[in-house]
């Protein structure tokens, strides 16, 4: 399936049905009074996050989504039928943005999350609502309200724990295929990866994390060179970035120069992404003679000016990969625990202790300023 991570759509909720002015006409009740029913509610449009969908391709070719109008009211106190709502299923990680003013309407981060994106119009009132002690035969009625109409921009940011950075042919796709169930296209030419790939890395039956591989960056990507930086937003939700470097490039380019170019483009794109935790992964050690490895690694780290974690691997032979995966999971586990602790509010803590609130006059408690 073609990977599409951007789309523009128009959503039109249904109009409410009109109320009706009607009077009861039955045998022996020639002046039975008003009995006009209300109009039905127009259909609304909802966005629903679905983990079984991983692309916005359906919305690239289906741009207009319109809900049905509510039915008009009828006599004999018959109300119009409300229209059914429409649910648009989107990938988890989709941002829904108003295309006119740039307002962020919703961020779909959880499977099954539902967000109202266009509200259906309310039905109009029938004349039965306008009856009063001074107006026994009202002829007033009201029309149904118009449904909301919006132009939306959908942007997909994949949800992953780990993001891979690197030049084309650095071995990112080989690495993700070595440690996960992902099977991206792998070849010996640049820009083999044309769209993000996700893989689930399983450390054990109950321990896993998600890793994202995006197309390689080159110098000048922020100015549109290569595939540009259009896919970098997929790394914004990650907890950790792995900067993969080809330590044995076939064209004899300087790995340090290429690594610095990646960092430069990252900073140009987004300071927050640049400040995200980053580990250095030196790949293709199987291509470096055994006696030169230590010297080449040391020289690279010194010239690159790197002071963070460093891992030496060969994605092709899987050398060093299991150790790296273990370190990644340990790091992710700590991050997840920290996030869970930060989500605990004082109210949650009190509820866990069986205390809903503290009465200042309760002698069991002493308030310390």
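Each Cβ is built from the backbone N, Cα and C atoms, and glycine gets one as well.
Under the heading GTP binding site, Swiss-Prot lists 166-173, 191-195, 213-216, 283-286, 314-316, citing sequence analysis as support. Following the DSSP three-state reduction, the secondary structure of residue 169 (GTP binding site) is coil.
Per Swiss-Prot, Mg(2+) binding site is recorded for 173, 193, and the stated evidence type is sequence analysis.
The domain 'Obg' annotation in Swiss-Prot covers 1-159 and rests on sequence analysis.
Taken from Swiss-Prot, the feature domain 'OBG-type G' applies to 160-333, supported by sequence analysis.
Remote same-chain residues near the region 'Disordered' (128-148) are listed as 11-21, 23, 31, 33-39, 42-44, 67, 69-70, 72, 77, 118-122 (criterion: CB distance under 8 Å, separation of at least six residues from the stretch ends). Positions annotated as region 'Disordered' by Swiss-Prot: 128-148.
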For the region 'Disordered' (128-148), residues assigned helix / strand / coil by DSSP: 3 helix, 0 strand, 18 coil
Fewest-neighbour residue among binding-site residues, criterion Cβ within 10 Å, set 172, 284: 284
Binding-site residues compared (169, 173, 314) - highest count of Cβ atoms within 10 Å: 173
Integer mean pLDDT for the domain 'OBG-type G' (160-333): 79
